[in-house]
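Novice: Next up is a structure, given as structure tokens.
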Amino acid sequence: MYQILLAEDNESLGYILKEYLELHDFEVNWAKDGAEAFQEFSKRSFDLCILDVMMPQVDGFELAKQIRTENELVPIIFLTAKSLKVDKLKGYKIGADDYIVKPIDEDELLARINSLLRRASLYAKQASQPTPQTIHSHIFNIGKFKFDFKNQTLFSDTEKYTVTIKEAEVLKMLCENINNLLSREEALTTIWKENDYFSRRAMDVHISKLRKYLASDPSVKINNVHGKGFVLEVTD
């Protein structure tokens, strides 16, 4: 049974979401503020976190930062009453995997939870059970770096980064098209399943983070081709 951490200070909404998710066979640990949520997260392992942005003591953004210091891979979904672009972008920069604006459609939330959990489960299974035919197919050379897609790690002799699910998927597509154009539209429809404003901005955030990870190697650049997409350029 999947374990979900729900951080929501609204009693009515918290109760509704907990009951709904438990009816769909999830075990839900409900915390009513950010400080309590992080205490629970530190005590046990969770498969996914659902965080309200506006909470007393520790808000959802700060809570997500704290969670990311302990676990860089656990999927995070933000819940918020705001639909402001700046808030969504802030969430994605922190490392959120999804963002849902209130009022919450429970069926939509369930679909997004299942999508993230399926993806995380697939990556974990591939990483733990490599076959002889695929044992090296998930490793990409990027200048001085190696990128292990299955284990979501980017590393060199002196650096190592654990990347999020979305960052891993973006980098994998760039590697598969190395020194060639990766269409923005292709990446969005493959990874986000949609091509709207927020998906495009989320992709830009992930590209920016990948550039920072790769910055120490001057032979590697992720170039923006205006209006078309991106090129992972690796020179000798």
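From the backbone N, Cα and C atoms, a Cβ is placed for every residue, glycine too.
Among the features that TrEMBL reports, domain 'Response regulatory' is placed at 3-117. Here TrEMBL flags D52 as 4-aspartylphosphate. Residues or ranges marked as domain 'OmpR/PhoB-type' in TrEMBL: 137-234. The DNA-binding region annotation in TrEMBL covers 137-234.
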Novice: Counting across all protein chains present, how many other Cβ atoms fall within 10 Å of the Cβ of D52 (4-aspartylphosphate)?
Specialist: 26
Novice: According to DSSP, which of helix, strand or coil covers the residue listed as '4-aspartylphosphate'?
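Specialist: The residue in question, the residue listed as '4-aspartylphosphate', is strand (DSSP, three-state).
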Novice: Could you please provide the mean pLDDT value for the DNA-binding region (137-234)?
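Specialist: For the DNA-binding region (137-234), the model's average pLDDT rounds to 91.
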Novice: Report the DSSP secondary-structure composition of the domain 'OmpR/PhoB-type' (137-234) as helix, strand and coil residue counts.
Specialist: 39 helix, 29 strand, 30 coil
Novice: When secondary structure is assigned with DSSP, how many helix, strand and coil residues does the domain 'Response regulatory' (3-117) contain?
Specialist: 56 helix, 24 strand, 35 coil
